[in-house]
Structure formats: structure tokens, C-alpha cells
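Colleague: Please find one structure pasted underneath; my questions will follow.
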Amino acid sequence: MKRGKKTEEASAEGDNDTGSASSKKAKKAKEPEAPVLYDDPPDKLTSKDGRDANLKITSWNVDGLRAWVKKKGLDWVREEAPDVLCLQETKCSEKALPAEITSMPEYPYKYWAASDDKEGYSGVAMLCKTEPLKVTYGIGKEEHDKEGRVITAEFPNYFLVTAYVPNASRGLVRLDYRKTWDVDFRAYLSELDVQKPLVLCGDLNVAHQEMDLKNPKGNKKSAGFTPEERDGFSQLLAAGFVDSFRDLYPEQSNAYTFWTYMMNARSKNVGWRLDYFLLSSSLLPGLCDSKIRNKAMGSDHCPITLHIAV
């Protein structure tokens, strides 16, 4: 649910695109600038401390699982072949899941969380090649656990958490709720981190820095780029978690994971980086690569993939 963000983004982009009649001559003389695209570099499969990657996780906000399956999203997944596939915004109850995904032999261990009250809203999934030791749903607080936003899987050496973080919504009507969520979710992750290190992946619904969206100036009051949401993310980093992409590519701009369907935003690369792999700091030596697969179509988000040695 990104209407507020899309509206702001479209208007910000529109401000750049419209021109008065008096400027038409100048436009004829000067061709519009080509969009600056992000070219996902070749995968690095060796960690900072020299180990080979032995775990591959992919995360994708599919913006409706049933539509995404029809758009051949699973073909891309089979080609990517992660060990674990995490999906957000599935918008699908378990009884309505398409057979194409429930019967996937590549992932015999499948876990689903959906909204209790609203059909076709929110929802996350985790599909695993190897069986986790334990799987839990939500973060243990009733006010947050009705919308199907979090699945946690425990593996021998780490926890994997996938999340679809609440959007502050059009007019920031859920910003206060989002601020409460950020505090409670951070506490939940910190409690896990005491037991064993964790990987958090998903749509965290915030562009942390100005370089994480195309039009920062026009979106200071937009859902996903308010000071409150950005501060919530900063506090997550201060709690000991690391943004894997930024750790590897600290100066990389124009690297986005979400583009509104409006205004040809994706072809112009007018986007936001909303999807992340965060790691416990103790996993950082094993980080090999954090990928933005921006050529993969099927949603208004693209998938991201983590290579790590654990």
C-alpha cells in the first residue's frame, strides 16, 4: 500500500517534467537527459574473510502473489535458485494460494502469514530448501500481529526474519503507529540477536538516506522518507545491525528497488530503495554480496539477493 508515496513521487517527478511553451525552443536544441540506470555488477561469492558463500537468500515484494505468479515470477525464482525465498505483500490467504507455488518441489518447506481481518492485504511468505529448526509468526505483540507482517525461521547458525513493515500511508495517517512498530520491532530483533545472529530481509518501507531515492527534496513529507521513519532505521543500525548493500556499496546512487507504476517511473529509474538485507554485525565478516536484481519484472518492486558465508 503505497498510494501516498506514489502520489508524492509522481508530483515530484511531474515538477521536473513539465515545461512552459516558452521553453520549447530550448528543449528542441537539447535532448532530454537519458535516465541514469543502476547496473547490478557480477555476483561476488567470497566473503571479506575469504570464505565461500554457502547461503543464498532472495527477498521480493511481489505486490500480490497471484498476479505475480501469472506474470511468471516463479520462472525468475527457478533461475535465481536461492536457498530461501522470502516474499512480502502477498495479499493472499493460505486457502487462496496458487497451486504453482504451493506445489513447488524445490522448496518443500513453505510458511505463510496473512492478515487476519483483511483479505488481499499485506502478507508474507518464506520458502526453504532445508527445514528450519523452528518457525514463528509475528513479533509477540497483539497490536502488530494481526496483519501478517513477519515470519522468523531459526536455523542452526542464525535466525532469518522476513518483514513487510507498515507503510505510514497517504497523509501519514499511520505514522504514529509506524513509530510504535519501529520501537517494538527493534526490541524483537535485539532479543533474537542475543540468542544468535540474524538476517532481516524484506520491504522495510523507508528510504534511509537521500541517495536511496531519486527525488529526496520533493518527498520530505512522504510516507517512507519522513524524518521519523529515517530515524527509526538509524536506530536499528545503532542497535547493531548493518545495511548489507550500503556496507558494500557506500557511495552507490541510483540503486532502487521500488518504482511507482505511474509516470513511467521504472524506465526513467525514478525509484526508492525500500528493500533491504540487514545483518547482525557478527555476520558481517561472512558477507559476500548484496544484490539488487532490477531487471526482474513482475511487481512494482524488484527482488534482492544476499550471498553470505554462515
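Placed from the backbone N, Cα and C atoms, the Cβ positions cover glycine too.
Copying in the features that TrEMBL gives for the protein in this structure:
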type	residues	note
ACT_SITE	TYR164	active site
ACT_SITE	ASP203	active site, proton donor/acceptor
ACT_SITE	HIS301	active site, proton acceptor
BINDING	ASN61, GLU89, ASP203, ASN205, ASP300, HIS301	Mg(2+) binding site
COMPBIAS	41-50	compositional bias 'Basic and acidic residues'
DOMAIN	59-301	domain 'Endonuclease/exonuclease/phosphatase'
REGION	1-50	region 'Disordered'
SITE	ASN205	site 'Transition state stabilizer'
SITE	ASP275	site 'Important for catalytic activity'
SITE	HIS301	site 'Interaction with DNA substrate'
Colleague: Can you name the residues of this chain that are 6 or more positions from ASN205 (Mg(2+) binding site) yet have a C-beta less than 8 Å from its C-beta?
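Modeller: Listed in sequence order, they are TYR164, VAL165, PRO166, ASN167, ALA168, ARG178, ALA223, GLY224, GLU229, LEU274.
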Colleague: Are there residues at least 6 beyond the ends of the compositional bias 'Basic and acidic residues' (41-50) whose Cβ is under 8 Å from a Cβ of it, and what are they?
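Modeller: Sequence-distant neighbours of the compositional bias 'Basic and acidic residues' (41-50): 284-289, 291, 307-309.
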Colleague: Need this for a regression test: recorded positions ASN61, GLU89, ASP275, ASP300, HIS301, filtered to those with Cα within 10 Å of the residue listed as 'active site, proton donor/acceptor'. What's left?
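Modeller: Hits: ASN61, GLU89, ASP275, HIS301.
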Colleague: Which residue, of the recorded positions GLU89, ASP203, ASP275, ASP300, has its CB surrounded by the fewest other CB atoms within 10 A?
Modeller: ASP300
Colleague: Cα-Cα, whole number of Å: GLU89 (Mg(2+) binding site) versus the residue listed as 'active site, proton acceptor'?
Modeller: 10
Colleague: May I ask which residues of the same chain, at least 6 positions away in sequence, place their Cβ under 8 angstroms from the Cβ of HIS301 (active site, proton acceptor)?
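Modeller: In sequence order, the residues whose Cβ lies under 8 Å from that of HIS301 (active site, proton acceptor) (at least 6 apart) are TRP60, ASN61, VAL62, ASP63, ASP203, THR257, PHE258, LEU274, ASP275.
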